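Read the structure below first, then the notes.
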């Protein structure tokens, strides 16, 4: 069914404006039949952040910003779904056009600007689907016009704690002016201290909801030293590596679009984000698991991220070019690799290549 859907939908969606195509995809998923996915190979099961994942392949934040279709995505075979980025108040984001396909590079540039319907609307949808279970994380951010951005994060932690499987603190989007400044040492330490404190205040009522930190791939190694040290000292539960990049490789072929302002994702991000996963893994020293994101478009790419240090992986841009069937393809490739190598779980290979990757010349 998914293959047939991809065969029909992908060519049609390519004719549409990227943002209109995305909106249509969300509407289509809301109509997806309530069919249970095939059971995952037991060898793909992962335990991380105190949660049990049936498989390691998730969908990254940005696809389902307003929690309109998390259950359809879970039925398509994703091991987990991350909704958002959600801000306390609704906001329209940046003016259109703000989403661009770089088709020859299998990449996307976006400058969306945290467009979303706000916490109240997302909370209502998550409450309505709570009975269905599944791992649904909430990616939280600050409103562009906020006078106290840290207070925005705290408010969202308190609001969503009863319903979120985990939180992602997003301080790495390049499309909200000044947001990435929250990755600087003093600001990040204050933010994480207040976020973790908020989580502790609601623990009795909401449980111990894991808090993850999502970082940019454009950090220097010195900056990464500080970020990981602070994340460890503030006892975050994990990190997501990495968000979109502001860098533009000279090898990009879509010369007319490559200089559009915004964050670049997709295949050209793969090498940089994989290096950042490995660098973070080495610095974390097992303190917490990582989710690897950036340019994953095949089972081989997912395996490379895992061997670099990712316990879980997330996709988004590759779905634009490969379709929803990519999820099952990646899982099949990972299971086949485990069978062929005689391993019982992916945990046995997490970070196996990190020392080799980090020994390569920097920058990549």
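Backbone N, Cα and C atoms are what each Cβ position is placed from, and that goes for glycine too.
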Further binder of substrate named by Swiss-Prot next to 110, 111, 112, 113, 114, 170, 175, 243, 244, taken from the candidates 43, 65, 305: 65
According to Swiss-Prot, which candidate in 193, 242, 347, 352 joins 61, 62, 63, 64, 65, 85, 139, 170, 214, 266, 295, 316, 317 at the FMN site: 242
Distance check against residue 113 (substrate binding site) for the recorded positions 63, 65, 173, 266, 316, keeping those with Cα within 10 Å: 173
Shortest C-alpha distance to residue 214 (FMN binding site) - which of the recorded positions 111, 170, 173: 170
Check: same-chain CB within 8 A of substrate site center, minus 65, 110, 111, 112, 113, 114, 170, 175, 243, 244: 62, 85, 93, 173, 174, 176, 262, 263
Spatial neighbours of residue 63 (FMN binding site) that are distant in sequence (at least 6 apart) but have CB under 8 A: 22, 73, 316, 319
Spatial neighbours of residue 139 (FMN binding site), counting only the recorded positions 111, 170, 173, 243 and Cα distances within 10 Å: 170
Largest CA-to-CA spread of substrate binders 65, 110, 111, 112, 113, 114, 170, 175, 243, 244, angstrom: 16
Site of maximum Cβ density within 10 Å, from binding-site residues 65, 214: 214
